[in-house]
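Reviewing the structure listed below.
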Amino acid sequence: MAEEEVPILRTEHSLDVLIPVLAKKRNVSIPNPPDVNCCRSGCPFSGLEHSNLESLTRSKSAMKLGGLILFYVIAIIVEIIGGLRANSLSVLTDAAHLLSDVAGFSVSLFAVWVSGWAATPQHSFGFNRLEVIGALVSVQLIWLISGFLIYEAANRILGHKTKVNGLLMFAIAAFGFLLNLVMVMWLGHSHSHSHGHSHSCHHDHLDHDTDHEEEGHSHSSSSNINLQGAYLHLISDMIQSVGVMVAGAVLWLKPNWVVVDLICTLVFSVLALATTVPMLRHIGGILMEGTPKEINIERLEHDIKNIKGVLALHDLHIWSISVGKVVLCCHVVVDHGVCVRDTISKIRNLCEKRYNIVHTTIQVE
């Protein structure tokens with residue numbers, strides 16, 4: 001049977017093979033696989049190392065947050081009982097603040113647990129968005145409790161001023177301060193060592209020293225964000241305990257100055273409400289899928305366009321699935337003859353090392 005030549009577009013990476021089709025032999029030219037030398041692979045152990053590090057950090061974070069919740073529950077029980085016996089709204093306000101912190105820590109602990117869940121076909125991004133929903137519920141709890149305490153303080157100011165046990169109020173606030181100090185010291189080791197650990201492999205696409213410094217920073221900042229937030233909460237609680245101690249000392253010396261307790265309640269309640277405003281903005285930004293404020297999208301676009309072989313960039317979208325989990329997708333136009341896989345690898349390395357964006361979808365045109 002005569003051979004029939006089939007015309008086919010040839011490329012610079014082509015070879016001729018014979019493919020039998022319907023008992024005929026046809027000379028067909030098919031593309032070669034891409035040259036392995038044009039596409040460098042990353043460190044073969046980087047994925048395993050990152051997974052083990054993330055799992056270890058998750059376990060330590062869960063242990064620390066669980067311990068904090070236990071300490072806080074003890075403080076809340078003592079302050080609620082003592083605040084009712086002392087008839088002090090400011091002590092109850094402090095207990096309410098601690099309760100809101102427990103809600104926040106519980107959300108963080110839940111987020112650490114959820115981060116280990118595998119994605120499903122119905123939830124391809126996993127379940128990390130539950131952290132944001134939990135944070136929104138926590139904010140609503142703060143507003144509800146603070147609103148009730150402000151209402152009760154206003155009623156006492158306008159109505160009958162009941163007596164407050166200043167000595168008991170001072171003792172309870174001092175206990176809360178000491179317990180917060182213990183928690184700060186216990187958490188301080190994790191906070192102080194949340195910087196400076198670097199786990200990276202060298203890549204030829206970016207500067208080696210920059211890779212080490214920036215990847216190490218991204219690992220530490222993202223994996224310890226919950227513990228750093230807890231540390232700041234503890235400092236805030238210590239300051240509030242000092243304020244209640246001062247108010248208790250004043251009422252201990254001047255029992256008739258009940259208005260001090262009410263003013264303290266109003267001030268701390270308003271401050272608690274004010275601290276939720278940045279959190280609400282952050283939650284709203286994530287739920288509205290806005291670009292995270294820590295990412296300069298103009299600079300990122302400029303850096304991608306400066307990569308060799310990239311001619312144009314469009315349809316660039318950046319948003320957050322949850323805190324510290326940023327997603328990017330874009331379309332890039334590359335020059336003819338440029339290794340596509342190599343270009344994509346450079347873009348991904350740029351996004352991960354300089355902008356801490358590890359989930360990227362890049363369409364090449």
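Glycine residues also receive a Cβ, built from the backbone N, Cα and C atoms like all the rest.
Heads up, TrEMBL stuff is auto-annotated, nobody curated it.
Noted in TrEMBL for the protein shown:
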type     : residues : note
TRANSMEM : 65-86    : transmembrane segment
DOMAIN   : 69-288   : domain 'Cation efflux protein transmembrane'
TRANSMEM : 98-120   : transmembrane segment
TRANSMEM : 132-154  : transmembrane segment
TRANSMEM : 166-187  : transmembrane segment
REGION   : 198-223  : region 'Disordered'
COMPBIAS : 201-218  : compositional bias 'Basic and acidic residues'
TRANSMEM : 230-253  : transmembrane segment
TRANSMEM : 259-280  : transmembrane segment
DOMAIN   : 292-365  : domain 'Cation efflux protein cytoplasmic'
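Sequence-distant contacts of the transmembrane segment (65-86) (same chain, six or more residues past either end, CB-CB distance under 8 Å): 92, 94-95, 98-99, 101-102, 105-106, 108-109, 112, 164-166, 168-169, 171-172, 175-176, 179-180, 182-183, 186-187, 226-227, 230. The stretches the transmembrane segment (230-253) and the transmembrane segment (132-154) are not in mutual contact, being linked by fewer than three Cβ pairs under 8 Å (pairs 6 or more apart in sequence).
Long-range contacts of the transmembrane segment (132-154) within the same chain: residues 89, 92-93, 96, 99-100, 103-104, 106-107, 110-111, 262, 265-266, 269-270, 272-273, 276, 279-280, 283, 286-287, 322-323, each at least 6 residues beyond the stretch ends and with a Cβ under 8 Å from a Cβ of the stretch. Each residue in the domain 'Cation efflux protein cytoplasmic' (292-365) has a pLDDT score, and their mean in this model is 91.
In the domain 'Cation efflux protein cytoplasmic' (292-365), the DSSP tally of helix, strand and coil residues is 25 helix, 29 strand, 20 coil.
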